[in-house]
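What TrEMBL says about this protein:
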type	residues	note
TRANSMEM	F:6-27	transmembrane segment
TRANSMEM	F:39-57	transmembrane segment
TRANSMEM	F:63-84	transmembrane segment
TRANSMEM	F:96-118	transmembrane segment
TRANSMEM	F:130-151	transmembrane segment
TRANSMEM	F:171-193	transmembrane segment
TRANSMEM	F:205-226	transmembrane segment
TRANSMEM	F:238-262	transmembrane segment
TRANSMEM	F:268-291	transmembrane segment
TRANSMEM	F:298-322	transmembrane segment
Ligand SMILES: Nc1ncnc2c1ncn2[C@@H]1O[C@H](COP(=O)(O)O)[C@@H](O)[C@H]1O
Ligand SMILES: Nc1ncnc2c1ncn2[C@@H]1O[C@H](COP(=O)(O)O)[C@@H](O)[C@H]1O
Ligand SMILES: Nc1ncnc2c1ncn2[C@@H]1O[C@H](COP(=O)(O)O)[C@@H](O)[C@H]1O
Ligand code: NA
Ligand code: NA
Ligand code: NA
């Protein structure tokens, strides 16, 4: 079935507010990978300042509102997101 | 060349049977990220109950059979998958 | 806005030369997940020989040159990449 | 509560559990890295098992041990059976089987905490109680999976599909080869083989620094419990009552059995704690795969967010007070 | 520099920091796994806090302690204020606020290194200096965020949008519940409650093996500093001078205050090191969220890649030489 | 095999290696978290190197040491050369070069196991043998990469492309700055500088708890070997025979050299084990990048899944029995 996947790269410190935002949209699933280096070529892994990758899969219908909110969030706090449409299993 | 990418979010405990399933389809490559939190908003990281993200890249031709098997697997055990088509390097 | 995402699976030992290659293309963002198992069904996690997943997001305009370089790199050293087009936030 | 009990509660490791609860409730971003937490649990299982094996190698097979292990086996079969029958009245059979497995099995960390408590009280106990822990881990899982399989085949007869059926052999294999479980068994055996000389070399690792590593593990558990209890939705009082009352009932049952079998105070206390404890590492990992129809947030949440803190904070000192009275 | 100071510099942990710098500069692929590095920082904070709490429980509240903590509080408010005014002349207000917070706060690892240095010199100090560390951590963050908020509201009045405003309550909450900070506080409290008996059980973990774990942490810091200093672009000499001169000025200020308050040599030295140190764990983590407009590579880079190695390699022995002269 | 040898095999750490093999073969989901395993390998390299450096600082440069290191260097150049010529008859030049590098270099964990074995036997040896380990690590890699480069240029002459050529400077840099290798060197140097006073402070970390950490590392190795040996496809008996026979031949060669040079029993034994061992951490990491044309499952698989367990389980006790006879 039709689904959308949103991948977000942000600073580790932003994971809690970001997942609170995600939870409000009730996506089918997401996972958080913490402790990474790389974002914006400024990313630095340190006990205090690493980056995170969040992968979200949701119904295409709900992706528009999620992306609007993400846009505001990421422009405010920094970070990058990428969305694609595709085929989902168990995404409803 | 034309390739398909399938991303799967499941419970950590399901990684072994899932990769056995994947191996039967001989995809070009996959990687497993374990110890995550998040799937289905039920995901909980604990020594016994974390989630995993599996990223698979395969030839588009083989993706249909893989997705059919994945569908049965994920509906049986829980978890979510997402597939997109795109351009691959060394995927044959 | 229009963006491209490239996902790369390589051996851990190749992460440094790979990110040096990426840096030359100044993508909007990338993250590196190290210590994984799985690539090419040969991947083996060991203190000396694990695999890595690198996720890159860049402007679609710059993706062609990046992919050409990646192709040469991955054919030389081994590893697989996958590119898709989609919608990006803060990717410029 | 007398002074020695109070002092027992101010054990640093237990206080770090409280602190983790607090940090979780105020939504601190404090967290123990995932892989560290996993390693800490492997470390604790290894050191329990190894020390148990070494004591076993010292005492050999004794009558006391035979009695304690028999009592453990009785509990391991009776508890999941009655728990399932109780749960079946309110829940679908899959959730009932999964929760029964959780409460029928045991928690290794609750056991370690109880052992540390006993040591602070200066009460001796048999090293073979680590064997009791191992023996009590699996029967509940196996019974639960068999029950779930029966339910599945019935629904097939009734027109469903047999797709979901997990073969008993496969589940036995899962339960036996589960990492945590196997590590406990393996360490027990290796401790038994290498005995005191082996222990001397390992002691700085498995004894001297254990308290410090346990502290971080309990801190992580406190954080997890806080996070889990925010999410836990038990739909009415039945399951909340179950998660407290069943451990108490199991404790009473185990105490009675221990008395009947004439076990010593230390062994009786540990048997009681084992019976009262519910698994939140081994069983959820196996059941998530073996009974995927069950709701993980119920069986895992009740065990971790209600029963574990109940036992750590109230159960252990209370069981001890009562048993000391009875054995006194 | 006399022999005892030379020997102090050949401390293995400090040499591993040098080695990390070297490995980073020759672009070695040596790295301490991410989660291990994070755990090591939690471990160091826990053991600082815990030992501080234990000493506190031994000495109780003394006049010396009241004086030392008063001096610490003065520094904690004055340093970020003057640093902000200095920075504001050259930088936008967000970067100025973020850097002021970094230098107004303190570095726990610099503190640990200074404590180890004192111990090697055989100079005593009050366990309450760990409390000074805790007290000096937060005020700078809070002041910086308030300043950033003021700037944001002004730009709203001037026609901007209020979107970016972070409520003060939220930031206080962030600063207080930040994992590293809270762990330090919690460990201090638990150390205070459990006192010497608790410490006895934890000693092998928090004292005996501390040097070895610190060694790996400093190795990682050396690697990070090397990597960071390659990327650091300070656009002119102002910030480079700031990152060395301000710590020295803070050290002088702290030393004067310590003299005026009549603190002992050990306490005065630690106060000086705290004032001279800049945060690179707690503050960057909070500021990245609270002042996202600021450039992390500036505040984090200056603190980690310039001020931290300066203090570890030159500052600590120099401050000590000078203070011993003044107190001698 | 006499009693003391039997007891040596029931060392807990070795038994955990067996246990890991077992768990891997029954497909248990037991696993040591990735980053922990990596940290354990860094820890073991650091403590080998550091202790070696400290002994060196005690003994200074002696004739015995000069002899042992000369023997080590001879082995380091001869073994990869003859191994390559042997392999070239059956394999393509890239696989031949990669496997020659693996067997020409050494395994640090096999060395640690041999050191622990010697200590249990009460046989003394020179701390400079850690220097021999370091010296024997790199020549094989460099020779192999040079060979691969020669092959590549020939194929260019024959009409191929030069794309694949890796500059010698780059490879020397890679081999020298590889994290594991550099850490060993750096720790050796720091141990040499800080000597006994530094060691006293680090001892609880690098000596007391080493056995426990080694145990977890060997458990992980057992799991890896089991997993690897399931995948290993050697296409005929040649490589299987190679992976056992070449280590034995190297052991014989090293023993003869040690006898000729008049080394003591302990040093001769360690030299023999080093020669017989094959690298599975440092070399595969460098070769994967430097000779990407080679099949990692061959060079890594043979070294880890065949030669490593052979040396740990049979080689070490056998070499010791033989050498004790010869030196007796
Ligand atoms: N490592 C990082 N993690 C998250 N956000 C970052 C990171 N580095 C920079 N940013 C933010 O990303 C946005 C754009 O960064 P840049 O394009 O590199 O200037 C800014 O708002 C930064 O605050
Ligand atoms: N954390 C998790 N990891 C894997 N599967 C899960 C997880 N949580 C729930 N599931 C499964 O996902 C399916 C749908 O979950 P939900 O939509 O949240 O009810 C169910 O079959 C659950 O067993
Ligand atoms: N685990 C791995 N990580 C990175 N590259 C690999 C891995 N395994 C194999 N390769 C490379 O991937 C390419 C194709 O592998 P294969 O298709 O499996 O033969 C070869 O050039 C190998 O060197
Ligand atoms: Na129980
Ligand atoms: Na400061
Ligand atoms: Na060798």
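Cβ from N, Cα, C; glycine included.
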Proximity of the transmembrane segment (F:39-57) to the transmembrane segment (F:130-151), 3+ C-beta pairs under 8 angstroms: yes
Stretch among F:96-118, F:130-151, F:205-226 sharing the most Cβ pairs under 8 Å with the transmembrane segment (F:268-291): F:96-118
Highest-contact recorded stretch vs the transmembrane segment (F:130-151), from F:63-84, F:96-118, F:171-193, F:205-226, CB pairs under 8 Å: F:96-118
Recorded stretches the transmembrane segment (F:205-226) and the transmembrane segment (F:6-27) touching, at least 3 CB pairs under 8 Å: yes
Intrachain neighbours beyond the transmembrane segment (F:63-84), with Cβ under 8 angstroms and 6 or more residues off its ends: 96-97, 99-101, 103-105, 126, 128-129, 131-132, 135-136, 138-140, 143-144, 147, 246, 250, 253-254, 257-258, 261-264, 267, 271, 274-275
